[in-house]
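Worksheet for the structure shown next.
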């Protein structure tokens, strides 16, 4: 098994064996990369009081597809992933419905 090691003189990342003298140069200077990927829809399901939040904008132009209530709170996704487009999410303001959908 090869372990990361730095060649301090030339600041080069190497992968070296701990049992023998074998080593090889790394193609990149990255030892480990951890990417966290989440979807905004999962995040919005956690928040239960979106329809009563006074800081979110409201609209009367788009009725709820489930109960036809004419007021909804809307917000944009907070995704910072470069490959995803910005999505607009809606939450029905009817206290008995609170259906969530996206455009």
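Each Cβ is built from the backbone N, Cα and C atoms, and glycine gets one as well.
Here the structure is a predicted model, which means the values were calculated and not measured.
According to TrEMBL, the protein carries these features:
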- 17, 20: Zn(2+) 1 binding site (BINDING)
- 64, 67, 92, 97: Zn(2+) 2 binding site (BINDING)
- 60-102: domain 'TFIIS-type' (DOMAIN)
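You'll find the Cα of residue 67 (Zn(2+) 2 binding site) roughly 65 Å from the Cα of residue 17 (Zn(2+) 1 binding site). Apart from the site residues 64, 67, 92, 97, the chain places the Cβ of 65, 66, 68, 69, 72, 93, 94, 96, 98, 99 no farther than 8 Å from the centroid of the site's Cβ atoms, the recorded Zn(2+) 2 location.
Put simply, residue 64 (Zn(2+) 2 binding site) is 62 Å from residue 17 (Zn(2+) 1 binding site) when counted between their Cα atoms. Non-local contacts of residue 20 (Zn(2+) 1 binding site) by the CB criterion (under 8 A, 6+ apart in sequence, same chain) are absent. DSSP assignment over the domain 'TFIIS-type' (60-102) gives 0 helix, 13 strand, 30 coil.
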